Structures are given as C-alpha cells and as structure tokens.
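**Student:** Encoded as structure tokens, here's the structure I'll be asking about.
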Amino acid sequence: MPRISSPVKPKAAKRLSMEDKAPKSPTRSGSSGRKVATPSKKAPSTPTRKKTPKTPVVTPTTPRYRKKPAAEEDFSSDSDSENVSDASNNPQRLSKKFLNNIPDPEDIEKSVKELKDTAIPLNATKKAYSIVHKFTGSLGGNGAGGPIYGELTIKSMQKVVEMMRQYMEFDSSSRFIDVGAGLGKPNMHVAMDPKVEFSYGIEVNPERWYLSLSNLKPLLKASLDDEEMGKNVILEKGDIFDAKAFDPFTHVYMFDIGFPGKLFSHLSEMFNKSTVSKYLISYYGPKKIIGKYGFDVELMFKLPVSMHGSGEGHTGYYYRRVAKKEGKKTSKAKKALNLVESDDTLPLDVPCDDLFKEAWRKVIAGPEATLKWTTETLSEFEDSQRPSRERVQRIPYNM
C-alpha cells in the first residue's frame, strides 16, 4: 500500500518581541570605549492632505426666460365658468404707483356674488329695452341679415354697470363710447343708468345703424315725457379709423370679438394718445390687449356675461390706464387743446376729437335737438334706399 506523505506545514512566523519591534538607534563610542546609543533624529511628520473630489467645470450660460404658467395664460380664455377672483392681475406687471389701488381678488369675488341682489335694472332701463324689443326684436344681428352681434342680456349689462360703478368711477359725469354699437343697447342702458353725461355709439354697418336709429327715435320721444329716463344718447354711422383719439370719453367699451388686427392697432394708438380716457372694457385678455397690441393699461378684474339668443357666454376684461411720467406738453397737444378752447359750444376743460364734436354738440343742446336729427336722418336714409322708377310713356295699342 502506498505511503501517503503528510502535507508540509508552513514554518511559523517568528514572533517579534517589543525590543525587536523598536527601531534600532545608532551608537557612538564614548571615552571609556563603551558604545552609547544616541537618540535617532526623525524628520517631523507632515500631516497628509485629504483628497477633495474634483468638481466638474461648468461654463456660465445666460438663463433662459421661463414663462411661468401664471394668470396671463388663463386670461386668453373666454370660459364663462372661470372664477373672477382667479383673474387678478399679476402684481409684477403693475406699476408701483397703482399696485395698492388694484381691487383685491376677494373683494371682486364678493362683489360678483352680491350682483345677484344688487344688479337690478331700473324701471327706466326696462322701459328702454321693451322699446328696443318692440321695434327690432330681442336678437342682435339677424335683423340686419348678418350674424348675431354682441348683444348682452339686460341682466348681464346691468352687472357690467354695477361693477363699473363700484370699481371704475362710473357715474353721471362719465362719458361713454361703444365701438361697434350695433343696435345701441349698451348706449341706451348707460343713458338710463347711471344717466351718463354723454353716451355715444358708432357703427360702420349702415343697416345696423339704421336699426339703431329706429330704436333711438321712440326712446327719445318717451324720454321727453318721462323724467326718469335718460336723454344724453346719440348713435352715429361712422368709421373709427377717422378718429385720432378717444377724447372726450372717460370709458371705452367694445365688444371686440372678431375685430381685425389692423383695427386693434388703430384703437391702441387712439387710446394711448387720449388724455381723459381712463378705463377700457374689452372681451380679450391682457395677452392680446397689452402684450400684442400695446394698450397702455393694466387689468383690474374680469366678469362673465351671457348673450341674447344664443345664450353663449363670454368674459369681459376691465382695464385701467397705466400712469405715465408727467412731461412737458408737446406743441401738438397744446394745439389740440387750443382748438377745443376756441369752441364755445363744448366744455373748455375737456379735449375732443373732431369725429365726435358734432354729436356732442347735439347731446348738449338737449333731447329735442337729438330727436330732430334722428328723425331727419332716418327719413334721408329711407329715401336713399327706395328704388328709383323711370316713368315710361305708354303708347296706345293701334287696333
């Protein structure tokens, strides 16, 4: 049987004593011949530096503007279900001077809830609407063979008046213009409540303007016998492109859905040039009114409204002019004021664009003068629309 050899054990490591572990110091020979150990001179130990992790080198870049999803984006929608308090303007967009005067969103929300109880049309307003319905019906545009225009219900328009009265200094001393007046309902409404000083509507469509005069004539007749009804209203056919500014109007109202861009640019230029026009009511949000077309305004609040006939809802946006730095008046501005001061029939302290002067003179003259002009204008328009006939001499038939 083969002999199995045992595995070789590894040699055990020699244990070192404390003396062996200690470093040997060099020796020197003394005078007696004995060797004396001299202390070893060790170099002082330097502390080891901790290795710091390398940081990546980042090249500085210009921070890209990041558009915040603020209320600016929400303003462009016309949803009727939006909460009015959510549309308060971004404080970063407001001028410091007017920041504290912007209505608080909670106050706006409270006012809107109270409109159910406060927005009650006056008897004079109801009477005016009944006259309009009698002559042209309750719808806005089908009477002219076109689409339904922006005709608010009487309750919605009363809400507009109440909010303007509460937050936009809207009272009997105000002067109100409706750009694209249609049948003239907003103008007649504010003439009844709060009985503004001057209610002016301008319409470029001749058929719709004719219908508005058909409403205005019986309204002015009724106002002569009813002291509760307002009288300072007139509706003209004209092109707003012929005006250079919105003076003398303090409040500019326009149901501007569908307005072309060229018209918006002109309206913006008009408003910015005006000296007394302080408030603007539009149906577009700041993204378009301020950002795109450059109106010098800031948003105060918004309010949902309902329309006649279709029942569709829209949102009205209520703006106020942004304060500008006061500077020296230019020669053009002085010249414009001098032209107004030389006119004895108009107020001396209020500038007025040439396009609106004749209408303001008629309103100042009284409802009789406005009624006379309305009646004569209606007759002229009706005569111009009648087809002309040529009389042909009849030749007797020869038998």
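Glycine is treated like the rest: Cβ placed from N, Cα and C.
Whatever TrEMBL says is automated annotation, not expert-curated.
What TrEMBL shows for this protein is this:
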| type | residues | note |
| --- | --- | --- |
| REGION | 1-104 | region 'Disordered' |
| COMPBIAS | 37-47 | compositional bias 'Low complexity' |
| COMPBIAS | 54-63 | compositional bias 'Low complexity' |
| COMPBIAS | 72-83 | compositional bias 'Acidic residues' |
| DOMAIN | 148-205 | domain 'DOT1' |
**Student:** In the domain 'DOT1' (148-205), how many residues does DSSP put in helix, strand and coil?
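**Tutor:** Once the DSSP states are binned, the domain 'DOT1' (148-205) shows 22 helix, 12 strand, 24 coil.
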**Student:** Tell me, what is the mean pLDDT of the domain 'DOT1' (148-205)?
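**Tutor:** A mean pLDDT of 94 is what the model gives the domain 'DOT1' (148-205).
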